[in-house]
Amino acid sequence: MKDLLNLLKNQGQIEEFDAIRIGLASPEMIRSWSFGEVKKPETINYRTFKPERDGLFCAKIFGPVKDYECLCGKYKRLKHRGVICEKCGVEVALAKVRRERMGHIELASPVAHIWFLKSLPSRIGLLLDMTLRDIERVLYFESYVVIDPGMTTLEKGQLLNDEQYFEALEEFGDDFDARMGAEAVHELLNAIDLEHEIGRLREEIPQTNSETKIKKLSKRLKLMEAFQGSGNKPEWMVLTVLPVLPPDLRPLVPLDGGRFATSDLNDLYRRVINRNNRLKRLLDLAAPDIIVRNEKRMLQEAVDALLDNGRRGRAITGSNKRPLKSLADMIKGKQGRFRQNLLGKRVDYSGRSVITVGPTLRLHQCGLPKKMALELFKPFIFGKLEGRGMATTIKAAKKMVERELPEVWDVLAEVIREHPVLLNRAPTLHRLGIQAFEPVLIEGKAIQLHPLVCAAYNADFDGDQMAVHVPLTLEAQLEARALMMSTNNILSPANGEPIIVPSQDVVMGLYYMTREAINAKGEGMAFADLQEVDRAYRSGQASLHARVKVRINEKVKGEDGQLTANTRIVDTTVGRALLFQVVPAGLPFDVVNQSMKKKAISKLINHCYRVVGLKDTVIFADQLMYTGFAYSTISGVSIGVNDFVIPDEKARIINAATDEVKEIESQYASGLVTQGEKYNKVIDLWSKANDEVSKAMMANLSKEKVVDREGKEVDQESFNSMYMMADSGARGSAAQIRQLAGMRGLMAKPDGSIIETPITANFREGLNVLQYFISTHGARKGLADTALKTANSGYLTRRLVDVAQDLVVTEIDCGTEHGLLMSPHIEGGDVVEPLGERVLGRVIARDVFKPGSDEVIVPAGTLIDEKWVDFLEVMSVDEVVVRSPITCETRHGICAMCYGRDLARGHRVNIGEAVGVIAAQSIGEPGTQLTMRTFHIGGAASRTSAADNVQVKNGGTIRLHNLKHVVRADGALVAVSRSGELAVADDFGRERERYKLPYGAVISVKEGDKVDPGAIVAKWDPHTHPIVTEVDGTVAFVGMEEGITVKRQTDELTGLTNIEVMDPKDRPAAGKDIRPAVKLIDAAGKDLLLPGTDVPAQYFLPANALVNLTDGAKVSIGDVVARIPQETSKTRDITGGLPRVADLFEARRPKEPSILAEISGTISFGKETKGKRRLVITPNDGSDPYEELIPKWRHLNVFEGEQVNRGEVISDGPSNPHDILRLLGVSSLAKYIVNEIQDVYRLQGVKINDKHIETILRQMLRKVEVSESGDSSFIKGDQVELTQVLEENEQLGTEDKFPAKYERVLLGITKASLSTESFISAASFQETTRVLTEAAVTGKRDFLRGLKENVVVGRLIPAGTGLAYHSERKRQRDLGKPQRVSASEAEAALTEALNSSGN
């Protein structure tokens, strides 16, 4: 019987749908949902606990309180199903219907819906073309609005206050109709003729000239068209009927002691009903107008509070002074419906416990406490016990399990066998935060975790907890095993390098066993094979570090993948020979014949994975770990105070530095240097001293003297414990050792500036009170930073995931020929990232030719793997065009060729891979390692001494790139441009290093000169910024009036004077607009001209510039006319770390961005206006010149008569990404953003593949702005999805009509997420109210294309294994079948997907 009942209960129909539409509900619709009108504010009878009739919980409207039982008890039992009791009027049904049935309230006076009124831009306001303020005055009964002017002089929509209204009444009588309140607004909305208005607006827009007006009109037009297209009627934005939520969704729960806990909604509904009933009564009584108005206003406020409390005026509070939670609050925010219940649910079959180390586990195992396993696998155990006949019923089985009988444990062991469980550590920052393991039953209460997966989880064993989840269905177990098993996740999806890498003890052990020692026991022995070495070591004949000869048999994998055996005798050490025993066949002996540091081990595992494949690598990783643990135990490495050896030179270096500082102080005292220069120099000095001390210390620590076999004393690498730990990469770094045994160095003040006096002591010597006090600041700041960082980093990840969540690989090849040009990333003198690393795992977009010929060496469409990278290196290829997510032409999603290699698997990416989410996680996960600080120039205490020259590292040929220069009298070049660069090319013509040359640098070589390694080729003063003359002549001062524009500074210590230009802000009124300058004149007093132009040579001086010349002095080409101290020249804060990454992804415009040339042409300066300069660029083709006003304080890099190209920098500053996109195009923007973000991560030593950043950038470039509408339906200035424009243009192309023209637009990630096609996704991200309001008005459809939408509606996501389900549905939809994918069909599709991904 019970089963029958359950059957009846579960008869809910599963709705089939492809899209979700949101719209406005008409009053008729609300009434059709309703099961009756709620007339009374009562809830339940407090004595009988029965719902009051016609009240908010009325059983007649909403259904019975108990299953199949009417309220008065006349009808009970199933047989009366569907009967309506004539006594109490309740239908006999399931109590569950109280969750579904809605009621309604008939409002006595219409009420405006607050969302469409107050959510900006106000939709009601836009439609009526009235301001929000005016509409509110009408709604809240302060003014009348004219609805129908009739034959009078009034206008429709005009506001009248009481006086004006009565005057009009006297004048016109009943000829016009003016009202107030929501009725008036309702009438006005009702009277709108959409078609007529749309036609009028479309005519009006082309005839308008003002930009703002066009914007306003097109906004209105868009809204009107949205209403017309969606079938919503404008008057529905004013409610006449209010729906009432089903009572079980706003429950009233009796607590003990006769009190009740109630949902806030009930209070809000009660207020509405009370006020509505009172208004009805007042209207029946024909009460005075002023009372009715007040009541109507109160009703409006009550409905406002119910829909969105606190949106207008003060929030209504309950009995406990807390604002009541309205309907809008239910859905928005972290605790709202979307983020709390739809996107994140709590799950059953899970447990959590503390983790401990499991050094004996295999990589695919985890130790699960028996207690936990018993609880987690209960149902399985019950089933097994019953199936075996050990227990007769489930109840009996339950008893057995509770008693923990011995047979239960046997069954448990069987159930658990090969049933993977998922382990998750919060915070789950990337997909490796959840992995699958096979459980091994253990005693105790802590979960055991394999040490090698700690890096992926970012786990340590200081009390971390982890959660266990059980995949129940067969499919879930299959996915856990095939995709999530820890052994299948060896490589990190962020950069394609192994993430299963030994650390700490294991590294220490492997390093220790592969080090060599001079004259160790057994040195010089020779062994026939590895077994002999093992015996010699075990019997104590040979030490672990002894140099010996060994004959080894290695099997090496050739190019063809075949193993070839090879026997040779090698020089090695005992430890390395022992280590080779665990190396899999296929790797040569050379991989272990070195001291194994952390980097080398990582490289070894990576190499192993590429050569011998996954299975052997996993076994090898385990063996490495066991070996490492064993030998680090044997080594007995530990730290004692005597390990910190302080170098003898320390005192000498510090004394020398102190003397030099004194020297600088005396220079300052005699006025040779300014305060700022002194500060800089002192800090540079101490930085240098610190470096020297640490060099001396490391040199001291890293070598020790020993006696070799001949009895001579020789140096060998030290076995100092501390040095070994740092050198191997197990723990600690040179910087930390420096603080322990060198000197602590410079410290920063709370505001980030550096304290001039460093801490000269180290921790071994101990700090005195002052030094300790200075140190405390940094330590505290570190802790405060970490807390901030975590939150910010998490928020960045959330925004990234949101913007990229619907990017999935949907096809193999989009067929595009575009791509990005990749060249090695050179910075300063170093190749930071060689070409090989940048193109690895990418697909070539255009054929690569052999340098200097037209022979194709790599055809387009090749996926570049490690072999191809080596080949490109050999052929010395300089640049390659590769396919990129940014240039991919797939409409929805992205194609596998443009993405290239799946970094975590090492082959081409599968269809269905959620590359967007992976990109977001890869960028967000290291976020917590980035710093939060903004550095001032000269900020970080770890700052290196400022560069003041270019010293080349490699020999080669000099190349100068876009360098403008003048030649000094002595033949040296002086740079007079800011974008100049100097590069050194090797004999093949490949660039090996590249340096930026600042303005004023003195360059001692010419283009094409040969230089030797180590030569200094350029010099400059790092602390001041010079202004250099380009002609010979005599100095004449212009506009330099003492006390008005300049002040003569006499250094009080020295009596020397120089002239300093005052900041315009500090000048008296007379000097505000004067621009002091130094101009050059010839002997006759005529202006000299800049070479090659007709522009006079005069140099305008920015604020704070220092002039050391006197009026009338002689200067020659390349001399310095004035200096701008670098400290005072606007200290631009370098935003570092996380905030910088966020700024780039949000595409924020910097405060004072660099100014770029809008067009190519010749520079000239027009008439000046107040405080601004007029820059004119005249194009060379004779078209219209371009003018721009630039503030006077901006330092311009261009002079009159200079040629510039479009997009060249005119005035320095941080770049504005929007300008780069507009003037230089998508690929320049991609290059800029990728490099900027990579710089931040690289500084912290984090590797992220470029394509993740490009993937996010693709999402930021989704929208375009229509510049000409052509014959399309778009309006000029619209922001539309690129795909929409392309589709419509294709359509127009087939009909021979004019396509729309457009410009790409860059949106920040928050904005891009909110402007996605899917309103469900946008609403669950941020600004829920605004998104839903907009979607409802336009009647939006959500086609459930992304991942988030599908999670919200509870479907499989269209990615990974779920893609098969979705494409099967789509196929059936196209065939016109009903959309029910049967289990077998889905399974077939799934197996196919899994098989294809396995290959």
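Residue numbering: from 1, along the chain as shown.
Glycine residues also receive a Cβ, built from the backbone N, Cα and C atoms like all the rest.
Non-local neighbourhood of Cys85 (Zn(2+) 1 binding site): Cys70, Leu71, Cys72, Lys74, Tyr75, Glu91, Val92, each in the same chain, at least six residues away, with C-beta under 8 Å from its C-beta. Following the DSSP three-state reduction, the secondary structure of Cys85 (Zn(2+) 1 binding site) is coil. If you look up Swiss-Prot, you'll see Cys70, Cys72, Cys85, Cys88 marked as Zn(2+) 1 binding site, on the strength of sequence analysis.
Long-range Cβ neighbours of Cys898 (Zn(2+) 2 binding site) (same chain, at least 6 residues apart, Cβ-Cβ under 8 Å): Cys814, Thr816, Val843, Arg883, Ser884, Pro885, Thr887, Cys888, Thr890. Annotated Zn(2+) 2 binding site per Swiss-Prot: Cys814, Cys888, Cys895, Cys898, in sequence order.
The compositional bias 'Low complexity' feature in Swiss-Prot is assigned to 1382-1399.
Taken from Swiss-Prot, the feature region 'Disordered' covers 1367-1399.
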Cys895 (Zn(2+) 2 binding site) - helix vs strand vs coil (DSSP): strand
Protein Cβ atoms within 10 Å of Cys814 (Zn(2+) 2 binding site), excluding its own: 18
Additional residues around Zn(2+) 1, ordered along the sequence, whose Cβ is within 8 Å of the centroid of Cys70, Cys72, Cys85, Cys88: Ala59, Leu71, Gly73, Lys74, Tyr75, Lys87, Gly89, Val90
Extra residues within 8 Å (Cβ to Cβ centroid of Cys814, Cys888, Cys895, Cys898), Zn(2+) 2: Glu811, Asp813, Thr816, Arg883, Pro885, Thr887, Glu889, Thr890, Ile894, Ala896, Met897, Tyr899
The one of Cys70, Cys72, Cys888 whose CB sees the fewest other CB atoms within 10 Å, among these binding-site residues: Cys72
Candidate with the highest Cβ count within 10 Å, taken from the binding-site residues Cys88, Cys895: Cys895
Whole-number Å value for how far Cys895 (Zn(2+) 2 binding site) lies from Cys88 (Zn(2+) 1 binding site) (Cα to Cα): 64
